[in-house]
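The next block holds one structure in the form of structure tokens; read it before the comments.
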Amino acid sequence: MVPLAPTTEVPLVEMRDISIAFGGIRAVDDASIDLYPGEVVALLGHNGAGKSTLIKILSGAYKRDSGAILVNGAEVAINSPRDAKQYGIETIYQTLALADNVDAAANLFLGRELMTSWGTLDDVAMEAEARKVMGRLNPRFQRFKDPVARLSGGQRQSVAIARAILFNARILIMDEPTAALGPQETAQVGELVKQLKSEGIGIFLISHDIHDVFDLADRVCVMKNGQVVGTAKTTDVTQDEVLGMIILGKCPPGAIPGPGAMKAAA
Amino acid sequence: MTDITTTPVDRARASELGPFARFLKATELDVRMLGMLAALAIIWVGLHFLSGGLFLTPRNLWNLSVQSASVAIMATGMVLVIVTRNIDLSVGSILGFSGMVMGVMQAQWLPQYLGIPLGSHWLWIIALCSGLIVGTAIGALQGYVIAYMGVPAFIVTLGGLLIWRGGAWWLTSGQTVAPMDETYRLMGGGPEGSIGATWSWIVAVIACLGVIWLLRSARTQRKRFHFPLRPVWAEVFLGAVACLVILGAVLVANSYGWPIGIVRRYAQENGITLPEGGLFIAHGIAIPVLMAVAVGIVMTFLTRRTRFGRYVFAIGGNPEAAALAGIATRWVTMKIFMLMGLLAAIGAAISSARLNASTNALGTLDELLVIAAAVIGGTSLAGGAGTVLGAMLGALLMQSLQSGMVLLGIDTPLQNIIVGFVLVLAVWLDTMYRKRV
């Protein structure tokens, strides 16, 4: 099922031995993870396992204490969200991170506004681009003049997704992208993930829903207490084995164990 | 994701709209703003009748415009402060301090230490510039402490309120500084500090052409991208109303003539013989009012058309999201307070020029008027919402109430009671309105 041979190719992004501590608590402890072009890697774990924190380090929201981030094999400095975006790393946050009081176009271009030759905001051009990308994601969307606070949950979600794909992302981070959605909208996100994957974009998917994960992801990476329990191709492990990784930290034979794997399985 | 429910609902709503709602949709006018204009109209007409026809006279309206200028200028900056969920309690004291700096510079320091003769143009230019720099620097200092050191704006500016008021006192040991330079005084209004009938009409015509140009260019832009357009009648209606308001305001300013004494002196100085029945010389638009309008235009431009303005509102709506989008939120916050300091200094120039003196009480309690003006003008204390025009109208509304009550001969304590009451009432109405939308 996995079309790629990861060992022969340079990973799109690689996080090596990443650690970060908040007030003495090691939220992420020596975690390593990689992602290849056109691949979906799911990050799994309990609340507080460190998956969101790890991913926020990649998106530039947090600064790591130690470890390295490599994009296309070269080490890069990611110290702010702006840095991450320069390397084509886009994030759809669980909270969506939309500026609620401005309209969809302003949100899509927030921090990267299109300007006229006079140095002023080119709202018309931004709206035109917004109409294009929203037309692709959500053809019925018409409320370009309303602040996004007035939009429905699904509409807000599509604005957040549109913002992530608007600037030709190469690495997409989706933090619980379907948490606030109904079944039909969830299915649409699934379709979108498949489409982006076929375009060669690498996707980190954080999810609680193990069925979703087995539908969409090529590999899973399970975290527990800030450490990586193990990484496995979804074809090599069963859902029960993955649950065992999440709950007990027990690494099954089909997975490559990480530092967080339960030692000496009894 | 496709949202099946909302689109049909919208369409259904569009066909059910009444004539007034259809009018609003076509003109894209803000209901809140219309509500405020209605409130202002009611207050004006009410005061006019209560005062026995004294309120809606050219003289009173002209004075009202001059009295509102300083607070209106500061309110435009307070909008940005409040939009980002901050507050600035120190604007009155910054006004006092930078006003004192301007006064002392032109009346004492520059003539005494630098030997610039009284009457030299450099006097008011240097004094004004140093006042503006001092105001901006105070804002920068407070903004730095708020944005980078993480002390809440309420505390920093509460400290500023005491510090700069005390500083103003300390500069001259509490003495009042007077008189001001003659050119400097033009910023305070009065017969000389107005631009006269001819220039007022020229300004009006330029303003009308500007309005038409803005409407036209917005329309051609939208056409270029094939966006939905406003109906032509709505565009014409908006343009016509704006032009009528401009021309009407200038007509009022031009109907207010100089007082007889000043006309007589002016005639003597210029060797004009006074004709029978007196000579009518119109005030025209006052210079402080022109300054306020200019500030309003610049601030509107800043909030609507620049990155800075966009970021201010984005931060106000969701600070975390703004930071994740790569906006330097702290630097933006600091810039807002710098701008607020600069605007307070402009207010100081107008107030001290109008008073023809710098006193250490200049601008006392102005912070409350400025905050009230911004809030009455629709700036939400929860952050994220507010307009420059609304805040300026809010300042005008507050000033209308105050000078109206003076006309009616209401005692000062009762005036304060009424102003306080109106503030709470206005915010309550606004809260109700927002809940319904």
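Placed from the backbone N, Cα and C atoms, the Cβ positions cover glycine too.
Features as listed in TrEMBL:
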- B:34-56: transmembrane segment (TRANSMEM)
- B:62-82: transmembrane segment (TRANSMEM)
- B:89-109: transmembrane segment (TRANSMEM)
- B:121-138: transmembrane segment (TRANSMEM)
- B:145-164: transmembrane segment (TRANSMEM)
- B:195-215: transmembrane segment (TRANSMEM)
- B:236-258: transmembrane segment (TRANSMEM)
- B:278-302: transmembrane segment (TRANSMEM)
- B:336-357: transmembrane segment (TRANSMEM)
- B:369-398: transmembrane segment (TRANSMEM)
- B:405-429: transmembrane segment (TRANSMEM)
Who are the long-range neighbours of the transmembrane segment (B:121-138) in its own chain, taking Cβ under 8 Å and residues 6 or more past its ends?
90, 94-95, 97-99, 101-103, 105-106, 110-111, 160, 164, 181, 183-184, 338, 341-346, 348-349
When you look at the transmembrane segment (B:195-215) alongside the transmembrane segment (B:62-82), do they share 3+ Cβ pairs under 8 Å, ignoring any pair fewer than 6 residues apart in sequence?
no
Maximum Cβ pairs under 8 Å to the transmembrane segment (B:369-398) - stretch from the list B:34-56, B:89-109, B:145-164, B:278-302:
B:34-56
Sequence-remote partners of the transmembrane segment (B:278-302) [C-beta within less than 8 Å, at least six residues beyond its ends]:
62, 65-66, 68-70, 72-73, 76-77, 79, 186-191, 193-200, 203, 249-250, 253-258, 260, 263, 266-267, 272, 308-309, 343, 346, 350, 353-354, 387-389, 392
Residues from the same chain, set at least six apart from the ends of the transmembrane segment (B:145-164), whose C-beta lies under 8 A from its own:
81, 86-90, 92-94, 96-97, 138, 329-331, 333-334, 337, 367
Should the transmembrane segment (B:336-357) and the transmembrane segment (B:89-109) be scored as in contact, given a threshold of at least 3 Cβ pairs under 8 Å and pairs 6 or more apart?
yes
Contact set, same chain, for the transmembrane segment (B:195-215): CB under 8 Å, 6 or more residues outside the stretch:
235, 238-239, 242-243, 246-247, 249-250, 253-254, 281-287, 290
